[in-house]
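Since the structure comes first, as structure tokens, the remarks are kept for the end.
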Amino acid sequence: MNQTELLESLKCASEGMVKAMTSTTMKLNFVFIATVIFLSFYFAGLAIQALLRNNIFSNSTRHILIVCLLNSIVHQAVTLETRIHQVYRSFVYSSEPCRLLFHFTECEVELYFYYLTNYFSTYAVFSLTFDRLVSHYKPKYYFSHQYYVSNSLLIIQLLLSLSTYYVGLYGVPLVGYAPICYYTPRLAVNFSKINDFRTATMVFCIIVTIFIYYLSVKSEKQIHRTSYSPGERYIACENVATSQSVCILIVLQFACIMLSSFGVNYIRARESLMSEENFNKIAPFFPGVTYASLCLPLVIYFKTKLTIRNRKLRIGVMTSMYGDVGDHMNRLKKSWE
């Protein structure tokens, strides 16, 4: 019996798999993941409103963030749909182990959208990093060609996602069965290489973004010492704020993806030391991009609220001061030092 025939013969769930898929732990996991997803929908709406009405980012960065938010909504919707199907089967077919699992051909559409949006979400760090890179080193070009920059980066991000999907899933036979439709097809052999490449990309982007943030802070301090031009000071301040936000986003994205990657790899390495039931109870708690898709709108929304509040406080302090123009300018100079 070859590998394909062996996988096709495993139609019925084992006793451990049945216990895991119909357990209270699995149902609680569904409630937890569904809560994360609905919170991400809510905050994605708030974040998009903030970007459209109270934008604190450059137009290029805003464009990238809006596209990434829309992608995260699609990803979360697909994840929720797969989990609803799984929990439905756990109730309806709890006593029929041969109908509990999904054949991978039933999951073809979910796999396509789940992994494509997953990769697009991961490579958002590339677009955001190079957006900051161009902004810092070519500011005049950046501010006069913002939509060209963002569209170019988004196209590269999409090409990276499609290429990764092609290497990982394209042409892989959809044979065998899975308890949840976003599980990796059994004959997909390049996933470890893909995870290594994604990890290397994110580490590189974190290093570059932290470096750009350091340069932005250094540049802002220098401008504050040498220039009283409101325009220069504003641009420098906005560069620091945006670089800081992007840095936070990338670090959180990395943390969520690594939680998923290392978490699943860790329990897989110890799969022989634990029962099949326990393994399948723990694995669904590690959908890293699901958590990252909640972190993205949270950072955008609360960073926007915080920045607006700080601006109002600063304006309130400046407008509440009394004295002649000379006194006012002296106070401004002192506050900018």
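Placed from the backbone N, Cα and C atoms, the Cβ positions cover glycine too.
Features of the protein shown, as given by Swiss-Prot:
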TRANSMEM  28-48  transmembrane segment
TRANSMEM  110-130  transmembrane segment
TRANSMEM  155-175  transmembrane segment
TRANSMEM  197-217  transmembrane segment
TRANSMEM  247-267  transmembrane segment
TRANSMEM  282-302  transmembrane segment
Which of 110-130, 155-175, 282-302 shares the most C-beta pairs under 8 angstroms with the transmembrane segment (197-217)?
110-130
Between the stretches 110-130, 155-175, 282-302, which one has more Cβ pairs under 8 Å with the transmembrane segment (28-48) than any other?
282-302
